[in-house]
């Protein structure tokens, strides 16, 4: 029978009892008739309420149609006795209504309790049925295991008896064959002796009897074993070791040991710099008291010797998830888990690899460049293990704050960002792996007022030195040792020069160079693959303005492929503006103090170029960049 049927039947009984109480109260209550002003008799109906019980809902009460008594308790035309009787009726009706409300509330509480109890019983019923099914399946499995074990023992014992019988029969058969051979030999000797005995020729008799006697004597010397070679009784069976069967019988009422848990693969954003959140699952039929999570770092070049393996740590938890703390950043960890109950410990799960989030990258500010329309940001990973990607975050300092843009899934350690002209930005970088994003790197400020770059020290001639801020070049008169003159493929050897960082954005770029009258120099631009053993302006890969000191005057040349137009400057420029326009294919030079145009190269730049600077004698040269281009620079 369904539990709801039971609860519905009980509620019907309660409803019948409530109706019976209602009828008894109505029959016992005497209602006096009252008259209206017209003298007509009216039935004064009590405000008594009737209620009904619905088996699927809580108690619901329905008010009957009632006539409201007069507030004064009396009508015009009634005498004092009638007034007293009507007052008594009003008080009786009020008491009855309060009593009914009390009973109603009590019944509602009882019904709610019974409904809760019925729901609880149903849950218990389902749980008992489910547990019974599991136990029945468990008992059947044990029964099959015991039968299989006993059947195997029977088969083993029967096979042993069969082998013993076979060996006994073979031994008796061999002994029987030996006896037959001995009888045949005796018969042959007897027949030979009889034949010699019957011989009439005495000479032949004497000649044959001696060998025959020797053969018979030799045969007689051979002892014949007439005892049975094997016993007729079979060996008594050994007492079988049924401990495993007994263990199976005893384990019928024992909770089985849990199966191996299944550790889940790492989910995205499930780690921090020093922690991992690990989850696993288990079969629903297993009973587990607690889990033990094991983990250890994975080293790239871990030796085969197990004594050098990383230390294994362990955490004991009751849930199927755990947060492991105090870990290394951007480190790979090997994790596995076991389950334990009163019976024993499960096998270990398969090992899973998890990673903590990377350390914040380190922006290489000296390698970053910017221009009015874009910025090239470079950084170092700062992590020994590779990361999946990088995210660059930038915010406009002119806004209220917060991240205005994020560039995600960057595979390398550099990013060219398109920006708005005349703004200042705060830029940071995050490294990302399966565990999640790292903390932000240190924030750098990038301005798009003008083109900004640093001098590349790895391209500088050994005789040059660069200031700490990266914008001033010095050429001293001290002699350097031969060891200091060693250079690599990126270093200038013949020309005492240095390159600025690459300008990898199409558009307009402007910077200025400050020099002395007594310094011979070359300033301009060059391709990245320009020959380092040639002078600036001497080949097709560089363009430059050159200053030469002669005994009579200051000479200026604008060199490309070693050729220069014949130009003379009346005023020696000490602050020179350089304007590069990729789109128009021009490179112009200006005297900044006089706002005077000096010369313009017209060419098609096939690749991006580097600013280049050279000192042909002792002196210094200072670069001013990140400044706004004057109006006359790109007319």
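Using N, Cα and C of the backbone, Cβ positions are placed for all residues, glycine too.
According to TrEMBL, the feature compositional bias 'Polar residues' maps to 43-58. The compositional bias 'Acidic residues' annotation in TrEMBL covers 76-90. As annotated by TrEMBL, domain 'Fibronectin type-III' applies to 261-360, 361-451. Residues or ranges marked as domain 'B30.2/SPRY' in TrEMBL: 433-631. Sequence annotations record features per position, and here TrEMBL assigns region 'Disordered' to 16-95.
Confidence across the domain 'B30.2/SPRY' (433-631), taken as the mean pLDDT and rounded to a whole number, stands at 89. Residues of the domain 'Fibronectin type-III' (261-360) grouped by DSSP class, helix first, strand second and coil last, total 3 helix, 40 strand, 57 coil.
Residues in the domain 'Fibronectin type-III' (361-451) partition by DSSP class (helix H, G, I; strand E, B; coil) as 3 helix, 47 strand, 41 coil.
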